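Taken from TrEMBL as is:
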- 93-112: transmembrane segment (TRANSMEM)
- 135-154: transmembrane segment (TRANSMEM)
- 136-355: domain 'NnrU' (DOMAIN)
- 166-188: transmembrane segment (TRANSMEM)
- 208-233: transmembrane segment (TRANSMEM)
- 254-282: transmembrane segment (TRANSMEM)
- 336-355: transmembrane segment (TRANSMEM)
């Protein structure tokens, strides 16, 4: 403030202020000012021949940690669950709404409606193999797994032959009806079979399993959030995700499915629930191997880099130091897709009676 007043004064040219002496850091006095990475540790060490060993080791360790932190912050894969409103096109979401309506209508007419669709015929054909609901449940899961994982394995070849969008339409058009029939059969027969245990009267168990089931939906694979790609409005891509849930586990879909299966099996406690869980978990464990194989073929060294700092088992890479969480890690979950999943999961829970009533009228 004083200097600005002097400069604006008419006699300020006659005022001679003493010059300030600018001090520059002396490398011999302040060697740490020049220490940027662990690669500069040798010259720094030379300046401290007489300093205590503990001090030198401490500063060297700080330098090494900072260097590793900078290296770990360089993402090779993509940032997951990103939704930027300003980049969305209204026309794309109009197309998505139209496509969704057409798909649901065709699915109902061709598959779900017992009077016109083939869903009941398919269920009856599989059920004719055995009178055991456990066997039928396993067969339905096996058929879905073969079709779903088989088409996924053929994705690279299929996309080269007919294009990304056309292959996605075929993939969804075959997988979706099979998934619906498998889920509907499980809902309709969930209390059949042999009762193995009965724990529904245990205090607090319902709340614990409900929370576990709720968390399982946060472990959806990030590609699920790309609805425009799922509906082939945008060109579908095979993504290499690295942030968000991928920091906890490289295969969140498998982990979420295991959590869901355990919660429902413990609560229902019969042989049909066990059969369904065994089939679904086995399918997703195969998906762990197959998914890594496909990403390795597509991305090569980039996938190996992501693989080296992530893990299949949740939190394993974090605990052994291969995955370093950023300070603002939780912000990677404060995004619209996760908020939407939270709302939909709560809605699905309260809509369970409606879902059960609707399933009882399907394939029955």
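Each residue, glycine too, has its Cβ placed from N, Cα and C.
TrEMBL: automatically predicted annotations, no manual curation.
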Among 93-112, 208-233, 336-355, stretch most in contact with the transmembrane segment (166-188) (C-beta, under 8 angstroms): 93-112
Contact yes or no, the transmembrane segment (135-154) and the transmembrane segment (254-282), 3+ Cβ pairs under 8 Å, gap 6+: yes
